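TrEMBL annotations:
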| type | residues | note |
| --- | --- | --- |
| DOMAIN | 1-90 | domain 'Cytochrome oxidase subunit II transmembrane region profile' |
| DOMAIN | 91-224 | domain 'Cytochrome oxidase subunit II copper A binding' |
| TRANSMEM | 20-42 | transmembrane segment |
| TRANSMEM | 63-84 | transmembrane segment |
Amino acid sequence: ATWLNLTLQDSASPVMEQLIFFHDHALMIMLMIITAVFYTMISIIQNKQTSRFILEGQMIETLWTIAPAIILVFIAIPSLRLLYLMDEIHNPAMTLKTVGHQWYWSYEYSDFTKLEFDSYMVQQEDQPIDSFRLLDTDNRVVLPMNSPIRLIVTAADVLHSWTVPSLGVKTDATPGRLNQMSFSINRPGLLYGQCSEICGANHSFMPIVIESVSTNQFINWVSKMSESSDDWKQV
C-alpha cells in the first residue's frame, strides 16, 4: 500500500488477482444498479402524468422480482468459483507453520530440521529510517516465489488472524486447531500484513513481513540458518 491509496494493494499471488477481478466485477454491477435506480427516480420525479384507473402492474412487478435474482446469479457464480479456488491445495513444495502468541508470531519450517524462530515488531527507537513504522519485524519470513506453499496456522493462547492483503490470505489462528491455506507468490519483494483479529489490547502490534526471494536465494538462506542453529547448539 502507498500513501493515499484508496484501492486494493497490488496483488502478489494468483488468488489476489482473482479477488481484485471479482471486486471490479461486483463494483460494475453495483454501478449499473445505482445508475438504473437513479434514472428511474429522476424520471418519476419529473413525470407529471397521473391515472386514476391503474390498479396493478403485473409486468413491472414480475420484472423487479426476477431481475434481482438474475443479478445475484451473476455475482454468486464467480464468487463460488473463487471460494473453491482459495481452498484448493496444489501439491505444496513446502509447509510453513505459524503460531500466534501475545504479541508476536512464531514460524516453523516443517520441511527442514529445527528451522524455527520468533518474529517481534521492531521497536520505534530501533527502527531503521527506511522501514515502515509498526509494520517491520526483527525476523522476516523468507519464502520462495513461484512455488506452492502450504500455510498451517494455530495459536498458543487466544484467537489471532494471520493476514497478508497482497497475497489474499486471511486465516484465523485458533488455539487447539490447525487451519490450512495454500498460496503462491508471483513476484519478489517485501509483503506486509498484521493480525486482523481483536485478540487483545496490543493485537495491532503483531506485524507480518514476508520476504519473497528466488529459489536459489531461499536455499542459501535455509543453509545459513541451519548452520547458525548448529553453532548455537554447540555453544
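Including glycine, each Cβ sits where the backbone N, Cα and C put it.
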* Counts by DSSP class (helix H/G/I, strand E/B, coil) across the domain 'Cytochrome oxidase subunit II transmembrane region profile' (1-90) -> 63 helix, 0 strand, 27 coil
* State the mean pLDDT for the domain 'Cytochrome oxidase subunit II copper A binding' (91-224). => 88
* **Structural state census, the domain 'Cytochrome oxidase subunit II copper A binding' (91-224) (DSSP three-state)** => 19 helix, 61 strand, 54 coil
